[in-house]
Amino acid sequence: MNPEHDVATPTAEDRVRIFDTTLRDGEQAPGFSMDRRAKLRMAQALEALGVDVLEAGFPQASPDDFAAVSEIARTLKTTTVCGLARCQDGDIDTTARALEKAQRSRIHVFLSTSPLHREHKLRMSKAQVVDAAIKAVERAVQLCHEVEFSAEDALRTEPDFLAEVFSAAVAAGATTLNAPDTVGYTTPSEMIELFSYLRAHVQGAEKVIFSSHCHDDLGMAVANSMAAISAGARQVECTINGIGERAGNAALEEIVMALKVRAPHFGVDTRIDTRRLYPTSRLLTQLTGQAVPRNKAIVGENAFAHESGIHQHGMLKHRGTYEIMRPQDVGIAETKLVLGKHSGRAALRQRLEALGHAPDEAAMEDILARFKTLADKKREIHDEDLEALALGQDPQATGPWRIVQLNSSTHQGSASASVKLAHDDGHEASEAAIGDGPVDAVLRAIERATGHAVELTDFSVRAVSEGGDAQGQAKLTARHGGRDWRGHGISTDIVEATALAALAIVNRIERQAPAREAAAVAHL
Ligand SMILES: CC(=O)SCCNC(=O)CCNC(=O)[C@H](O)C(C)(C)COP(=O)(O)OP(=O)(O)OC[C@H]1O[C@@H](n2cnc3c(N)ncnc32)[C@H](O)[C@@H]1OP(=O)(O)O
Ligand SMILES: CC(C)C(=O)C(=O)O
Ligand SMILES: [Mg+2]
């Protein structure tokens with residue numbers, strides 16, 4: 001790329017308003033419904049993130065959505081709170097009531113303008129559409145601080161008719177004009193063409209803010225939003241993690257970071273505190289139960305993780321070789337070099353050294369060979385595997401402890417568990433414990449029986465098969481001796497899966513302790 005071309009044409013306004021619709025368009029997609037408590041929590045996080053306008057819901061949709069919008073309107077301090085309404089008196093009045101307590105309120109009225117929607121969905125003529133838009137904006141203007149008008153399916157609307165509707169909406173009092181690509185059909189060059197056309201042909205264009213609202217059906221929502229910005233849009237509508245109808249909306253975090261990382265190219269900025277992007281994304285996944293893909297830009301688990309040796313080697317020399325932004329800038333603690341079958345010597349040695357091992361060249365060759373064999377079998381190699389390799393042990397060994405018997409029960413809020421364990425040296429240990437739940441109780445019983453105290457730092461259970469006898473996989477991370485240890489167990493019973501995972505950790509600790517002591521003595 002020639003850096004000389006990397007400069008945007010300067011525009012009069014250098015700030016893009018972020019209009020977040022996670023709680024409206026995002027929430028209306030299957031699988032993403034949130035109740036009002038969840039919506040309020042998310043709204044507070046979005047205000048802390050620094051969004052300019054927060055579309056809190058569609059108050060006419062349901063009593064709970066009305067209550068959610070009202071509560072958000074009452075709670076937020078600096079963010080403009082917005083509610084969506086059809087061009088119908090009932091919707092507009094309900095939305096106004098929901099927004100009554102907002103420090104700054106916006107009613108967002110919308111109406112389809114494309115021929116397909118006019119003829120088949122609304123059964124309205126062009127004149128009727130213009131008339132309905134004017135009446136709705138005029139009514140809304142009386143009831144809130146500011147009004148946004150959206151021409152649904154704008155990108156499949158005749159441009160001259162779109163300019164006519166928008167001109168009428170401005171005359172009626174709308175101050176933001178939104179041209180949504182409702183079905184994610186358009187391309188970046190078409191976006192530039194349309195926004196340039198609208199800015200030149202809408203009467204009163206100089207008094208209003210043009211906005212884009214892109215869907216991701218063809219995977220171009222963010223690219224189209226960026227194109228709209230480069231053609232003068234100064235509001236973009238987007239959602240955390242890109243959630244929204246069908247394939248979703250443009251992802252907020254991607255737009256914001258594109259504007260930041262490529263600042264000289266776009267020449268405009270936002271008010272977003274980018275360090276809150278990752279925590280906000282995580283909060284949404286917790287509230288909806290919908291995880292983001294590992295390879296999701298900015299907030300996915302792999303966004304700042306590298307497994308391949310060539311990339312890891314480059315990263316160890318200069319992080320700029322394979323990362324265009326710092327993880328800390330989006331709220332992620334650090335870059336991860338994940339060890340797997342694609343890794344090489346450089347990353348392996350770096351991790352071994354971090355764990356306190358300094359193998360010479362010959363030992364390193366041996367560890368590398370065993371590492372590759374293990375990595376072919378196991379997807380990721382963790383610190384405890386490396387420890388075993390460095391200490392000349394078999395990382396896939398099991399024991400010395402195994403479960404002979406396990407019982408757990410829950411009664412009126414209290415849980416207890418008992419375990420009988422057998423050790424390779426022939427002795428058996430039986431212990432019982434109570435806990436906050438059966439999982440906690442079984443962990444306490446195992447600690448007592450084995451004599452190893454482990455502090456649980458992460459715990460997850462997920463189904464690995466379907467049906468009534470589905471297998472559950474428990475994954476535990478525990479802190480012991482100043483480092484993390486991982487274990488996993490699979491069973492149709494999640495308490496047993498947890499016990500197996502805990503025992504895997506205890507066994508690793510016990511297998512490695514004598515070898516580590518011997519290694520330490522050998523170094524003296
Ligand atoms: C592109 C978008 O994302 S638009 C927003 C989509 N979001 C939602 O629909 C979520 C909330 N929606 C709802 O809860 C319900 O659909 C409601 C409460 C709005 C309406 O429910 P109902 O009255 O039962 O109508 P229904 O949903 O079956 O059909 C929609 C009606 O709105 C009309 N309509 C659609 N858009 C508009 C509009 N912008 N302005 C005026 N009328 C509209 C349709 O023509 C249809 O009218 P009809 O009942 O006279 O045929
Ligand atoms: C209501 C409008 C803005 C919308 O969500 C769309 O057209 O996609
Ligand atoms: Mg939409």
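Here the Cβ of each residue, glycine as well, is placed from N, Cα and C on the backbone.
Any TrEMBL annotation is an automated prediction that lacks curation.
As the structure is a computational prediction, the values presented were derived from the model and not from experiment.
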Identity of the Mn(2+)-site residue among Asp25, Asp35, Asp436 (reference: His213, His215, Asn249, source: TrEMBL): Asp25
Shell list (Mn(2+); ref centroid = CB of Asp25, His213, His215, Asn249; cutoff 8 A): Thr21, Pro180, Thr182, Cys214, Ala221, Glu237, Cys238, Thr239, Gly244, Glu245, Gly248, Ala250
Neighbour-count leader, CB within 10 A, binding-site residues: His213, His215: His213
Distant-in-sequence Cβ neighbours of Asp25 (Mn(2+) binding site), under 8 Å, six or more positions away: Glu55, His213, Glu237, Thr239, Gly244, Glu245, Asn249
Residues among the binding-site residues Asp25, His213, Asn249 that border ligand 2 - Cβ under 6 angstroms, in sequence order: Asp25, His213
Helix, strand and coil residues within the region 'Regulatory domain' (402-524) as assigned by DSSP: 43 helix, 55 strand, 25 coil
Reported mean pLDDT - the region 'Regulatory domain' (402-524): 86
